[in-house]
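Lifted from Swiss-Prot, the feature list:
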{"type": "DISULFID", "residues": "Cys88-Cys209", "note": "disulfide bond"}
{"type": "DISULFID", "residues": "Cys126-Cys223", "note": "disulfide bond"}
{"type": "DISULFID", "residues": "Cys138-Cys147", "note": "disulfide bond"}
{"type": "CARBOHYD", "residues": "Asn53", "note": "N-linked glycosylation site"}
{"type": "CARBOHYD", "residues": "Asn61", "note": "N-linked glycosylation site"}
{"type": "CARBOHYD", "residues": "Asn297", "note": "N-linked glycosylation site"}
{"type": "CARBOHYD", "residues": "Asn346", "note": "N-linked glycosylation site"}
{"type": "REGION", "residues": "281-315", "note": "region 'Disordered'"}
{"type": "SIGNAL", "residues": "1-30", "note": "signal peptide"}
{"type": "TOPO_DOM", "residues": "31-355", "note": "topological domain 'Virion surface'"}
{"type": "TOPO_DOM", "residues": "373-402", "note": "topological domain 'Intravirion'"}
{"type": "TRANSMEM", "residues": "356-372", "note": "transmembrane segment"}
Amino acid sequence: MSTFKLMMDGRLVFAMAIAILSVVLSCGTCEKAKRAVRGRQDRPKEFPPPRYNYTILTRYNATALASPFINDQVKNVDLRIVTATRPCEMIALIAKTNIDSILKELAAAQKTYSARLTWFKIMPTCATPIHDVSYMKCNPKLSFAMCDERSDILWQASLITMAAETDDELGLVLAAPAHSASGLYRRVIEIDGRQIYTDFSVTIPSERCPIAFEQNFGNPDRCKTPEQYSRGEVFTRRFLGEFNFPQGEHMTWLKFWFVYDGGNLPVQFYEAQAFARPVPPDNHPGFDSVESEITQNKTDPKPGQADPKPNQPFKWPSIKHLAPRLDEVDEVIEPVTKPPKTSKSNSTFVGISVGLGIAGLVLVGVILYVCLRRKKELKKSAQNGLTRLRSTFKDVKYTQLP
């Protein structure tokens, strides 16, 4: 009997251990359970004042979410690179946009605007909304998101204690993200129907961080396909949770939890490094596209003239425009012999030589002329019987003897 009782007690203890283990696993990790209740025990000493006073209206959450997938391949999407250098690091997804120019345009028209800011985690076949908020009755003379009304601030539940908006509400701060948080994030800002896309390629080290929460962004209940977005079936209210804390208060909590877990706060958050996305080959502005554009700008031919050449499709330049023909190669490769350039010293020497030669010829001509004339005079004197002699020589006079 005692043996049976011991066996029953052992089974009971084992069953209790299994139950406790199941509860712990259902919470995820001990750190998750700790983080879920610690807010009741510890609080930050003070919170910053609200950035702007606004009213939350739930009805704005009833609008279907537009697709984050871009069908227009020509559309320019800003791509940023964010890399964590070590585990358990706090990183920021920050990128400037041309929102200011849009707001100035709206301010010039003296009209308010509505906006929507949504963050997505892009997966291979679907996209998961992780943060969504709508803004209404916005004054374009103020900074973005300073609006009189807004929707509930919706977050993916597992990100509430590890993510928050930056001070301008355009960036995203991740505290100690796990390796599973690596990948592509897309920020979509919609202002009066105009959409601004920004991609962030995030890399997290594979080393385990003890305070990080693993994420399952591929959950089919939240990760929606392009077809679901196109049919207007995605409503973030159905699978995202409310967290209507003002931005400053949420960021204060995030930093408090991060330091409480042993993290080191960065001194400052910097804008993510930009990456030049390559142009798709089908849209490369090559020779044929320029020729096509010129053809499109031509006027219609007059009656009796041949039809113009049809427009060329956008494509890479053909090989004949990239490499010369064989005869052109021969012409280019064939060496061209040019006479050597004459230096300045050689030109001077030649000039002097020519001058001396001319002077010599003139001198010889003068000598010949004098000699011929003297010879002619002597010959004339001989014919007259007179010989001309010098009459003086060193002040001594001589007289011709008989």
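Placement of Cβ uses the backbone N, Cα and C atoms for every residue, glycine included.
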Reduce the DSSP letter at Asn61 (N-linked glycosylation site) to three states and note it down. helix
Between Cys147 (disulfide bond) and Asn53 (N-linked glycosylation site), what is the CA-CA distance rounded to a whole number of Å? 8
Using a 10 Å radius on the Cβ of Cys209 (disulfide bond), the other Cβ atoms enclosed count 19
Roughly how many angstrom lie between the C-alpha atoms of Asn53 (N-linked glycosylation site) and Cys223 (disulfide bond)? 33
I need the nearest neighbour of Cys126 (disulfide bond) among the recorded positions Asn61, Cys88, Cys138, Cys209, using C-alpha distances. Asn61
Top Cα neighbour of Cys138 (disulfide bond) in the set of recorded positions Asn61, Cys88, Cys209, Cys223: Asn61
About how far apart, in whole Å, are the alpha carbons (Cα) of Cys209 (disulfide bond) and Cys223 (disulfide bond)? 25
Pick out which of the glycosylation sites Asn53, Asn61 has the most other Cβ atoms within 10 Å of its own Cβ. Asn61
Once the chains shown are all counted, how many other Cβ atoms turn up within 10 Å of the Cβ of Cys223 (disulfide bond)? 21
Roughly how many angstrom lie between the C-alpha atoms of Cys88 (disulfide bond) and Cys223 (disulfide bond)? 26
By Cβ count within 10 Å, point out the most packed of the disulfide-bonded residues listed: Cys88, Cys126, Cys138, Cys147. Cys138
Reported as an integer number of Å, what is the Cα distance between Cys223 (disulfide bond) and Asn61 (N-linked glycosylation site)? 18
